[in-house]
Amino acid sequence: MKPNVQQVKTFLMQLQDDICQKLSAVDGGEFHEDSWQREAGGGGRSRVLRNGGVFEQAGVNFSHVHGDAMPASATAHRPELAGRSFEAMGVSLVVHPQSPFVPTSHANVRFFIAEKPGADPVWWFGGGFDLTPYYGFEEDAVHWHRTARDICQPFGEEVYPKYKKWCDDYFYLKHRDEQRGIGGLFFDDLNAPDFDTAFNFMQAVGQGYTDAYLPIVERRRNTDYGVREREFQLYRRGRYVEFNLVWDRGTLFGLQTGGRTESILMSMPPLVRWEYSFEPKEGSPEAALAEFIKVRDWI
C-alpha cells in the first residue's frame, strides 16, 4: 500500500498551527509568517515570534520539498536511495526563552519518501524532541521524560528506552565530550510495523511536545535572574550553535538540498557568546550543569 502523502502533509500543517497557537497563548506575542517557494520544487511556511514576553525567539517551520535526485547527506547511509526522486516534509521548531531558568526546547517530526518507476516506494518517519536547560531542575527533567515515556507506552514497553538512548547518542557534542542537554526522544527510519502505526506514533510525538514543555515554561518563567545568569545562558547557547553547525544531519540535509537558508538557520539563538577557556566557579549552580546533563535514567 502506498503511503498517503497528502494525509501526512495535512497533519503537519495543522500541527504547525496548533503549536504556534499554544506558544502564542503562553507568550502573549504573535508569530510572523514567511511563506517561501523552493526553485527546485516545494516550499514552506516559516513562523517566528521574536522578543516576546517569555520567548526571545521561537521558530516553527513547516517545509515540503521534492526533487529528482537525492542529496549526498541522505544517500550516505542509504546508498539504495541513489537515483530516486524524493519528497521530504516536516515541522521543525526551536524555542529560545528570555529567562535562563526556562530551558531551550527543540522538536521535529518528518516524513520522507523516495520513489522510482517499477519499484516499491521507500519511506519512513522520523522526529523527536529534546530539552536544553541552563540551570537544572530535577522535577522538570522528570516531567519531560515521563511525558516522553507516556507518549511511547501505547506503542510498546521497549519504545521509550530505545528512543531515549538514540536521543542521548544523537545530541552529543563529540568535540566537547558532553551532551547538548537532557535528551528526550529521537527516532528515524521508522516504517514498521505498517504505515498507519508509524504515522500514529509520529503524530503522538508531535502533539506531545507542548505537553512536555509548556508546564516547565509556566513553572520557571517568573524566576528572578540577573546579569550572571544571563551571561551563562548566552555562553551555553554557544553549544547549541556548535551542535547545529557541526553535527546536525537535518541542517546538513537542508543546506545540501538547496533548502531556504533563513528557515534552516532559524534554530540559531538570536544572541550567543563564546569565552575562551571558561570555567564556572566551583560549587556554583553554573558548575552543577555539567553533572546535570550527563546521561541518566530520569524516571
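Placed from the backbone N, Cα and C atoms, the Cβ positions cover glycine too.
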Going by Swiss-Prot, Asn108, Val109, Arg110, Gly258, Gly259, Arg260 bind substrate; tell me which of Ser92, Ser99, Ser277 is listed for that site too.
Ser92
Can you give me the same-chain residues 6 or more apart in sequence from His96 (divalent metal cation binding site) with a CB-CB distance under 8 Å?
Phe55, Glu56, Gln57, Ala58, Thr104, Arg237, Pro269, Pro270
I'd like to know which of these binding-site residues, Gly258, Gly259, is least surrounded, judged by other CB atoms within 10 A.
Gly258
Where His175 (divalent metal cation binding site) falls in three-state DSSP terms:
coil
Looking at Cβ-Cβ distances, which residues of the chain lie under 8 angstroms from Arg260 (substrate binding site) while being 6 or more apart from it?
Trp36, Arg38, Gly44, Ser46, Ser63, Gly254
